[in-house]
Every structure is written in structure tokens, then in C-alpha cells.
Amino acid sequence: MAEIKDIHALEVLDSRGNPTVQADVVLASGVRGTACAPSGASTGSREALELRDGDTSRYLGKGVLKAVEAVNGRIRDALVGKDALDQRALDAAMLELDGTDNKAGLGANAILAVSLAAAKAAAIEKGVPLYAHIADLYGQSGQFRMPVPMMNILNGGEHADNNVDIQEFMIQPVGAPSFREALRMGAEIFHALKKVLAARGLSTSVGDEGGFAPNLASNAEALAVIQQAVEKAGYVLGKDVTLALDCASSEFYQDGQYNLSGEGKSYDAAGFVDYLAALCDQYPIVSIEDGMDESDWAGWKALTEKLGDKVQLVGDDLFVTNTRILKRGIDEHIGNSILIKFNQIGSLSETLDAIKMAQDAGFTAVISHRSGETEDTTIADLAVGTSAGQIKTGSLCRSDRVAKYNRLLVIEQELEGQAVYPGLAAIKGQG
């Protein structure tokens, strides 16, 4: 037994300068696990509740002292003396203590920080890397897989102050032989893109996730400048590198219309499906996240019927890492992949359940950061520990993003060739 001796929390800052919760779980052996909760900008309406203070005299109302108090009080009282190795029992105890469907009682940010800190403490107690401990919790056996990164090198939407409607334009170095080489390819393309933008007299400032955020005439132009950057870096688009989008469509969906204000165009669901299909015909786009609004299930059905056999269709705001909603998607053949974000559901155990349900149904699971991140690198270990095969953790700058990539480099080196880099085979519809 790895007895929990103490738990305490602290209000710290995330990468956007907003408060978040950091928790420490201390074991009787003296081992300490520390974790921070991330925070999103474009959020699904069904996500677990992030508890904020609402006190406008502090941090513009975004303080998390209530969540910190929940950790230092009720959560600590409930978990001290329990076994950190029994992750599911710890998470269940916190969910019972919270007593709500959306974690409004204690706050998903409070519960998650403790859940992850406990897992880290347990891994240290066992003397194994965190990814190995997560693999044990998940029931993962056999060869590990390193994740193919979705690198968000050009930002729009809620992640940038520009006129581009689609939120993320990403590259996937599928032709690389290893994660290390994939990271190198991505970095070289990132630097090439900066030169391409500068040559056009466009902004090379970056958005929340480290991607460039220039004003462009259309979403298609964003893809065109990325293609130019890929070629400038010496790679072949569609062979060495493929493209992925996060439309974050809920951010521009209103009254049944998809409004691309940057292009001055508006589409109904059928029209927007055709718009996305046309982009896929023009460019090697192999993955689209949140192609339709989170409430537009009919639109999602049409998108899946149109593109689902050849494009990975990832539900983020649609599924919010929630097994109940994911099951509906599986049953109704909506999408074919789920984005996994710890804080959408609020505990490690529930996150693992969502990955398991997806993989058992033949869906892929893409492990993801949030736009508001910290130096915490747990998602890197989660991606390897569950052999998810894909990770989305931003661009090739900003230390809150690069920290995850650097952690994956360490993991790959530790595994010394025991972990395969799956390339295109990791992406639904491409293997």
C-alpha cells in the first residue's frame, strides 16, 4: 500500500496568465506527486465544470481559491490514509464527494489536479515511469506506440487575434521513422513557415498554442502557405507530411448557419460539409476535428457519410471525453475518433474509460492539451501509456507546448526502440 499522508493545493498561473490549480499528493514514504489542471479557450458546453471564484477584484474573476480550498479541505479529508496505487478508488471517492454530474461541487480543476498528482506519486512509489504506471492502470500490454504529433503551426479562431475562421491548421509528420525525426521535421517546417509569412509581409506573432497567427484571405490560403512551407523545408506534402484541421465549428455556428466571417460566407450544414470536402480534395487533409457544431448531430451524420471512410473525424466539443456521449456517437456512427482532454471529464480513471471505449469501438483517440497549459507533461505519458498513437500539443515554440514534446523524446529514448512510431497507420482511415 502507498498510503496518502497529505494533500495540498496552490493557485498558480497557466500559459495565458490565468489562475489554475496545482496539487501535491504526499505519501507516507515521503514520495510526492505534483500536477496542474489545464484550461480551455473554446470549450464544449457539456464539459465538466471548471470552478472559478467569480471575484472580480482578483484575476478578473478567474481566481481558483475555491477549488484550492476544496483540495485542502474536503478532498484531503476524504483521501488521506487511502492507497495511491488504487487510482479508481481515489477517483470514485472524489466523484462521490462532489455529488454532481458535472463536478460543480468541487470543481473539475480541483479533482483532476489531485487525480493526476496521485498517479504521479504512485508511479514514483512503484519505481516506474508515469507512462508505465498508466499502462498498468489501462491494462495495456504488448509494444508501446509513440504518438504521431498534430502540430498546430497556424492558428485562427479563438486561439488567435486574426481574421482566420478555422481554429487550427496542423501538420502531421507521418513519413518520419521515429518520434525524434518527426519532431525535427515539424520544427524545420515551422521555421520555414515563418520565412514564408515574413516574405509576404505577414505577421509572425504566435497564438495561444504557439502557431503563427497572420491575417489571411481565406482558410484555403492558410493551407496554401503551409504547403509552401512544407516544400521550402524540403518535404513532400501528402507523403512526408499530411494536414489536419480543428474547425472548432461551434465557435462560428449560429441559428443553423456556419458563418465564416473572415471570408464573408455563410453555409447551412450540407453546404459546410461540401466546403470541407472540397478542401480535402484540394489538400491532403487526413483529419478534421469538430467539423460541425457540437449540437448539430444531423450535420455530423452528413459529414461522416461524406468523408468518414477516408478522413479521421474527431469529436472534441461533440464528445467532451465523456463515455455517455461517445457511446451515442458510436451507436449512431457519428465521427470515427475522439479527442481526449483530461479536464473535459475531470479525472484520470474517466479519461482512461473514454480511451478504452473509443479503441474498443474502432475509433481512434487523440490525446490533447488545452490552450491554457502549464509545464505539466502528463499528456505525453498518457499518449504512450495507452498507445493512443496520436497527440495534439501545439506548435514548435512556447515552453508550455515544447515541454510535452521534450518529454516524449525522453520516453522514446528510455524505451530504446521498444516503441514503434506508427506514422500514417495511426490515423483513422489511413492505415
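Each Cβ is built from the backbone N, Cα and C atoms, and glycine gets one as well.
Now, the feature entries from Swiss-Prot:
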BINDING   Gln167, Lys341, Arg370, Ser371, Lys392  (2R)-2-phosphoglycerate binding site
ACT_SITE  Glu209  active site, proton donor
BINDING   Asp246, Glu289, Asp316  Mg(2+) binding site
ACT_SITE  Lys341  active site, proton acceptor
Ranked by how many other Cβ atoms lie within 10 Å of their Cβ, the binding-site residues Lys341, Arg370, Lys392 are led by Lys392
If we check Cα distances from Glu289 (Mg(2+) binding site), which of the binding-site residues Lys341, Ser371, Lys392 wins as closest? Lys392
Looking at the binding-site residues Gln167, Ser371, the one with the fewest other Cβ atoms inside 10 Å is Ser371
Check: min Cα-Cα distance from Lys341 ((2R)-2-phosphoglycerate binding site) over recorded positions Glu209, Asp246, Asp316 goes to Asp316
Listed recorded positions are Gln167, Glu209, Arg370, Ser371; which of them have CA atoms within 10 A of the CA of Asp246 (Mg(2+) binding site)? Gln167
Count of other CB atoms lying within 10 Å of the CB belonging to Asp316 (Mg(2+) binding site): 29
Between the residue listed as 'active site, proton donor' and Lys392 ((2R)-2-phosphoglycerate binding site), find the distance joining the two CA atoms and give it rounded to the nearest Å. 10
Cα distance, Asp316 (Mg(2+) binding site) to Ser371 ((2R)-2-phosphoglycerate binding site), nearest Å? 13
Taking the mean position of the Cβ atoms of Asp246, Glu289, Asp316 as the Mg(2+) site, which residues outside that list, in the same chain, have a Cβ no more than 8 Å away, listed in sequence order? Gln167, Glu168, Leu245, Cys247, Ala248, Ile288, Asp290, Val314, Asp317, Leu339, Ser368, Lys392
Helix, strand or coil at Asp316 (Mg(2+) binding site), per DSSP? coil
Cα of Gln167 ((2R)-2-phosphoglycerate binding site) to Cα of Asp316 (Mg(2+) binding site): how many Å, rounded? 13
Under DSSP, is Lys341 ((2R)-2-phosphoglycerate binding site) part of a helix or a strand, or is it coil? coil
How big is the Cα-to-Cα gap, in Å, between Arg370 ((2R)-2-phosphoglycerate binding site) and Asp316 (Mg(2+) binding site)? 11
What is the number of other Cβ atoms found within 10 Å of the Cβ of Glu289 (Mg(2+) binding site)? 28
